[in-house]
């Protein structure tokens, strides 16, 4: 009974961990999609510069192939573990354990790689000034994607221009910066701020923000946190799976207490029936002798009369 209760407890815990795998996988997919859109805008602004190379080397090998592959595999593996737990199938549980171990090793290698990449970003502050060349095509019908990227980046990082908001006046034919440079954005806000109060515009340039973005570790820390969370959950799942495999394996080799009791009762009943069968001839002989004695006594009494 104690082993059966332990198996039930292990199965419930594995159900919960598989549900957690599905939720975390969906979260990783959402974060990867957000990071992809975010980085695509950065790549649009940094095309044909050394900054583009830095972005690709730092983030894309992790975000696209590894994170997406891990979350897709975890969804499938979670289903495999759920089926194995429900059916108590040793083969499915063994596959579940082996797949989790392989994914964990991949995540561990990915984490080590991101720590090494932190000091390998090939970008300097002087490279950020080259982004000014990407400002000349802002607002042109042929470069709507570039216009969208600049607006997205300035809103997201709360910056304006590359070094200062006056970069827009120097590099383009615009009389004032885009409206995305406004602290409180609305149509025509940049023109109003340029004519009345410049403090309504973001004063810091986007070059410094992007440099901090590339040299910093905020985004990599998010990826590491997700990787560590999934890794810890995988370790717990592997421990529970091994324990459940051990319990199910020995439960099949050794009969349970109820089976032993039923076997003992069946053996006792069989022995009782066998004993009765053995005693039947003796009882029949005793009955015959008793009948003969009674008939002899009756005959003797009749002769005396």
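Placement of Cβ uses the backbone N, Cα and C atoms for every residue, glycine included.
Relative to the membrane, Swiss-Prot puts residue 37 on the other side from residue 249. The feature transmembrane segment, as given by Swiss-Prot for the ranges 183-203, 204-224, 225-245, sits at 225-245. Check Swiss-Prot against the ranges 60-80, 123-143 and you find transmembrane segment recorded for 60-80. Residues 11, 14-15, 17-18, 21, 95-96, 237, 241, 244, 248 of the same chain, all 6+ positions outside the topological domain 'Cytoplasmic' (81-89), place their C-beta atoms under 8 angstroms from a C-beta of that stretch. Each residue contributes its Cα atom, and for residue 9 (S-palmitoyl cysteine) and residue 83 (S-palmitoyl cysteine) these two points are 16 Å apart. It is 13 Å from the Cα atom of residue 83 (S-palmitoyl cysteine) to that of residue 12 (S-palmitoyl cysteine).
Note on residue 9 (S-palmitoyl cysteine): other Cβ atoms within 10 Å of its Cβ, all shown chains, come to 13. In the predicted structure, the topological domain 'Cytoplasmic' (246-305) carries a mean pLDDT of 52.
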